[in-house]
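**Student:** My questions will all concern the structure given below.
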Amino acid sequence: MRTEYADRLPVDWRDYVELCKPRVVLLMLLTVIVGMYLAAPGWVSLRLIAFTLLGIGLCAGSAAAINHLVDRHIDSIMARTKKRPVAYGRVSVKQALWFAVIIGLMGLSLLILFVNQLTALLTFITLIGYAGVYTGYLKRATSQNIVIGGLAGAAPPLLGWTAVTDQLDPQALLLVLIIFTWTPPHFWALAIYRYKEYQDAEIPMLPVTHGIQFTKLNIYLYTVLLLVVSLLPFVVSMSGWIYLLGALILGIRFLVWAHKLYFTDKPVVAMQTFRFSILYLMLLFVFLLVDHYF
């Protein structure tokens, strides 16, 4: 593999940025910010926001770098990922490992020193859950990898909440439940589009193990469940009418995409559904934030 020779090649700083999966981390940090503001009756101090985002962001980048490291052989097979820094050989295994360890320790240190120990602990558990349990084991072990491993990816709003309150709260767990329910239809839509690549890499994603039509049915059912779960903040008086209207519009639109995906054989619809799911989560959390203050 090219990775063997990466120590001899000049490394661009952009390769290290790519290791952190910045677009994924930015979406995650949006949910952290919303969690912080929903936990506070007023405004949150900029100092706390800065240290929380920096600490959690560094830890998320560390987990992403470990994902690149562990999945380098798989990534080299798949067209979508074969040019990732470690898989392509621009960053060596040793370089990626040291980078992940250093920024992970930096992130945890910032959280311990400037936020609180509970947030640092939960962030560490999340890092281990994603980088160790999901990437290292679940991804290759079961077709329910995304469902079980999705809990780690759903934690960011809880981390934002505890950064402000230094305690666990049922309302914060509601935000976790929303992302946890959103994760399967989000990733399974991509898995349908990339079906052949996952099959060639021998990754037991649901479309590979149970077929594409069965996966489409599961996407549809999870999208219905997501619509119901997304209304819970209004039901428990955590949010008001602005959020309810936004959640209904977004949820119904997501259902339309799931319906369209179920009844079509066009692969492009799976990618369109995947892309809408990202927009859905962004806007849903924006509605939560807007509703909180207006």
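Placed from the backbone N, Cα and C atoms, the Cβ positions cover glycine too.
As annotated by Swiss-Prot, transmembrane segment applies to 24-44, 48-68, 96-116, 118-138, 145-165, 172-192, 211-231, 241-263, 268-288, with the evidence given as sequence analysis.
Each of the listed features needs to be described in terms of its position in the shown structure.
**Tutor:** Here the transmembrane segment (24-44) has Cβ contacts under 8 Å with residues 52-53, 56-57, 60-61, 64, 153, 156-165, 169, 171-172, 175, 179, 238, 278, 281-282, 285-286, 288-289, 292-293 of the same chain, all six or more residues outside its ends.
Long-range neighbours of the transmembrane segment (268-288) within the same chain, counting only residues 6 or more positions beyond its ends whose Cβ lies under 8 Å from a Cβ of the stretch, are 27, 30-31, 34, 38, 157, 175, 178-179, 182, 185-186, 189-190, 192-193, 219, 230, 233, 239, 242-243, 246-247, 250, 253-254, 257-258, 260-261.
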**Student:** Below 8 angstroms Cβ to Cβ, which residues of this chain, lying six or more residues outside the transmembrane segment (96-116), approach it?
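**Tutor:** Same-chain contacts beyond the ends: 16, 19-20, 47-48, 51-52, 54-63, 65-66, 68-69, 85-86, 123-124, 127, 131, 162-163, 166.
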**Student:** Taking the transmembrane segment (145-165) as reference, which of 48-68, 211-231, 241-263 has the most Cβ pairs under 8 angstroms?
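**Tutor:** Looking at each of 48-68, 211-231, 241-263 in turn, the most contacts to the transmembrane segment (145-165) are made by 48-68.
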